[in-house]
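*Asks:* Straight from TrEMBL, here's the annotation block:
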ACT_SITE  178  active site, nucleophile
ACT_SITE  312  active site, proton donor
ACT_SITE  378  active site, proton acceptor
DOMAIN    5-109  domain 'Epoxide hydrolase N-terminal'
């Protein structure tokens, strides 16, 4: 089967923008019980953001900003894969795939593009820079699914490896975050012999909602026990979205597809919870226009259902994959029984608690290179792009030029 690649330019028709603005103008808001975030996004806050989205946010300006970077649609085994392909001026640059997570999109990496494509001089080793390949996961961005087939992380990894083959990159590196970190791990399994190294970012949310918090706390200090207790509280109050996405994605999809307010509240609440604790509101951590650009892509492409189903497929597979880290009672699918080839690996933890997080992650917390930072949290490419870029450079500098 022949794979094809065609240039792509984002161009949302004005009538769709008008439709969004009309829906926002006619929005019906529920009664608000509180003005804090305990029960979700406060009504007063969401009304303010919705008004900005309708009256001040300029989609066409953001569209032009995104279109400054070369974009393409590849047909890989008949599945459209949208991706950015931004090359460094350095002909010897490392091909680096950046894989986003949920509820974000390729937009998550926009602020880090220029940082990674410009060569970074090193005192004792060859200069490193990157050719960036930033795909939209099937069901996300402009990678609109062509059918109703499942997209677990092994299948996505296989398609992404095929994309790199189609682009002519036999050897390449990968960075992933959130679901993209899981896909990065799957790439080690399905194409490990081609990888120059893998790098992921993580934070304390990685050990909540996934059955990874320990029951036996004898080996932990008093301070660590207090922090684990806080993690349990987080797991109790902040992981309901996982239960919904991993069990009833279709029910949620109606609200996310038909109501811009439903979509706005769902995604903004996640960005408020998953950004650095020192930031009171999502827009204190990440520019509001960048947040709304991401949300607008979800809206215009009707991604409420497709992203929910991709998460459904990924989460159900991920629970089984985690069985390899210690849950002997979990079912082990046959396709996950292979041992991935050894690939140089790096992990950067953001938002503090790095020492405890490394301990809680168990075998997954023992990459070849571990680093931790107090800044950022779940979206370092958006919250602290310079810091993430520096860590990526440092890891691959050593991985490629030991």
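Numbering starts at 1 and runs along the chain as it is shown here.
For all residues, glycine too, the Cβ spot is worked out from N, Cα and C.
Curation does not apply to TrEMBL; its annotations are automatic.
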*Asks:* Measuring Cα to Cα, how many Å separate residue 312 (active site, proton donor) from the residue listed as 'active site, nucleophile'?
*Replies:* 14
*Asks:* Using all protein chains in view, find how many other C-beta atoms are within 10 Å of the C-beta of the residue listed as 'active site, nucleophile'.
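*Replies:* Looking across every protein chain shown, the total is 25.
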*Asks:* Please report the distance from the Cα of residue 378 (active site, proton acceptor) to the Cα of residue 178 (active site, nucleophile), rounded to the nearest angstrom.
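*Replies:* Distance between the two Cα atoms comes out at 8 Å.
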*Asks:* Can you tell me the three-state DSSP label for residue 178 (active site, nucleophile)?
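*Replies:* Once the DSSP labels are grouped into three classes, residue 178 (active site, nucleophile) ends up as coil.
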*Asks:* Would you count the other C-beta atoms found within 10 angstroms of the C-beta of residue 312 (active site, proton donor) for me?
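*Replies:* There are 22 such Cβ atoms around residue 312 (active site, proton donor).
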*Asks:* Please list the DSSP helix, strand and coil residue counts for the domain 'Epoxide hydrolase N-terminal' (5-109).
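*Replies:* For that range the per-state counts are 37 helix, 24 strand, 44 coil.
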*Asks:* Is it possible to get the count of other C-beta atoms within 10 angstroms of the C-beta of the residue listed as 'active site, proton acceptor'?
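*Replies:* If we count other Cβ atoms within 10 Å of the residue listed as 'active site, proton acceptor', we arrive at 25.
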